[in-house]
Amino acid sequence: MIAPVASSLCVKYSHRAVLVTGGLLAFSGMALGFLGLNMVWMYATTGFLQGLGISFSWTPAISIVSHYFSKRRALANAIASAGECAFAFTFGPLFQWLIGQYGWKGALLIIGGIQLNICVCGVLMRPLTSNCCLEASHSETPPDTGASRMEKEERSSSTHKTFNWMLVRRPEFVLYAMFGILAAMSFFVPPLFLVPLSYSLGIDESWTASLLSILAMVDFSGRLLCGWYANLHVTKTIHLLTMTITLISTSLMLLPLANNYLSLAIFTGFYGFFFGTTVAVHITVLADVVGMSDFDSALGLFMLIRSTGGFLGPPLAGLIVDMAGDYKAGFYMAGATLVLAAVFLVILDQFQQRSERGSQTNTKPDKSTLPYPSLHFLKLQNRRHQEHDVVV
């Protein structure tokens, strides 16, 4: 919900200032939570204040990567997002060890100190300049779109300094936002029901915990491999995203067929890998859809709109599971929702292709109506000779 605020502040001030502010807020939330006065105090500090800081940190960090890189944007986003997997894999054991050594209050204070390093990362971020924006816009513009369009994008990248709320009127952004809502409805379901499903299959608790570790490891691999592949520019990023979403939905549809730990671990691995590939490219696709001049505004709006799917998905899946009396129904719901999300990506791709064909048609120079330009030239020459003879 705070993403548009963070994006507008990035546009008005700088990514560095917003990121440092986010680090300070996150640290303050954990440090004040150390006091542990009462439950309301904990909600206000470690919940709201720390969450506000994380939101202020995440949005500019993701945005600045897309501004820094153009040709290798997909790979850069993949590497940057891979830190989430490493954190998810190590934070649980680390936090438990800190609680055992220093108590929960000491653990909160240490985690707050770690989050204070966000400010260091923010200080190291080089501020954007007009030249950087011009270079990014120039590199992102295809060679066959015309010089006028390239010059327009360059001017808008360097002069657009306000948050663009009018993106919600652009059909391509609306289509991508619909994809984001449906994808978010599905992405939170598997981690929520994976452990209960394993318990229902009679899998031991110690083995169940390893499923989440497998999920984090293959997610990490999927992000890096997909970022590397997208950097080869063999496939359009929107086509690659459509394929990964389709493969995720397929793996979710097949996951309920597992009847033991090995088969469940295999299907979980497939889901985690393709989920990682999706995370690696979906921000890059957003940049391609709206252009870098409006990317900061689009990122904030996209995260706000996508969050509605995160709110609706788990309760809806829980309702379906209660009605069906089986955890497998939640995975079927998630897979079907992702199929619908892929449909919106296909519609978006067709819309973009139609728009590109229309722009190319409008920018084509006028040609002679004669089938052969040489005949037109000869006709003009003969007319000139006839006029010359009449004058003589």
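Each Cβ is built from the backbone N, Cα and C atoms, and glycine gets one as well.
Per-residue confidence over the domain 'Major facilitator superfamily (MFS) profile' (1-353) averages 84 (mean pLDDT, predicted model). Among the features that TrEMBL reports, domain 'Major facilitator superfamily (MFS) profile' is placed at 1-353.
The transmembrane segment annotation in TrEMBL covers 17-35 (among others).
Look at TrEMBL and you will find 41-62 (among others) tagged as transmembrane segment.
The annotation transmembrane segment is assigned in TrEMBL to 74-95 (among others).
Among the features that TrEMBL reports, transmembrane segment is placed at 107-125 (among others).
Per TrEMBL, transmembrane segment is recorded for 173-195 (among others).
The transmembrane segment annotation in TrEMBL covers 207-226 (among others). Sequence-distant contacts of the transmembrane segment (207-226) (same chain, at least 6 residues past either end, Cβ-Cβ under 8 Å): 74, 78-79, 81-82, 85-86, 88-89, 191, 194-195, 198-199, 240, 244, 261, 264-265, 268-269, 271-281.
Summarising the annotation, TrEMBL assigns transmembrane segment to 238-258 (among others). Sequence-distant contacts of the transmembrane segment (238-258) (same chain, at least 6 residues past either end, Cβ-Cβ under 8 Å): 183, 186, 190, 197, 201, 226, 229-230, 264, 266-268, 270-271, 274-275, 277-278, 281-282, 285, 288-289, 328, 331-332, 334-336, 338-339, 341-342, 345-346, 348-349, 352.
Among the features that TrEMBL reports, transmembrane segment is placed at 264-286 (among others).
Residues or ranges marked as transmembrane segment in TrEMBL: 298-317 (among others).
The transmembrane segment annotation in TrEMBL covers 329-348 (among others). Tertiary neighbourhood of the transmembrane segment (329-348): same-chain residues 172, 175-176, 178-179, 182-183, 185-187, 189-190, 192-193, 197, 238, 241-242, 245-246, 248-250, 252-253, 255-256, 289, 313, 316-318, 320-321, 323, selected by CB-CB distance under 8 Å and a gap of 6+ residues from either end.
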Non-local residues, at least 6 beyond the ends, that sit with Cβ under 8 Å of the transmembrane segment (173-195): 167, 208, 211-212, 215, 245, 248-249, 252, 255, 268, 271, 275, 278, 282, 285-286, 289-290, 298, 301-302, 305-310, 312-314, 316-317, 321, 327, 330-331, 333-335, 337-338, 340-341, 344-345, 347-348, 351
Residues of the parent chain within Cβ reach of the transmembrane segment (74-95), under 8 Å, 6 or more residues beyond its termini: 61-62, 65-66, 68, 107, 111, 213, 216-217, 219-220, 223-224, 226-228, 230-231, 237, 276, 279-281, 283-284
Spatial neighbours of the transmembrane segment (264-286) far in sequence, C-beta under 8 Å, 6+ residues away: 62, 66, 73-74, 77-78, 81, 84-85, 176, 180, 183, 187, 190, 194, 197-198, 201, 203, 210-211, 214-227, 230, 237-238, 240-241, 244-245, 247-248, 251-252, 254-255, 257-258, 295, 298-299, 302
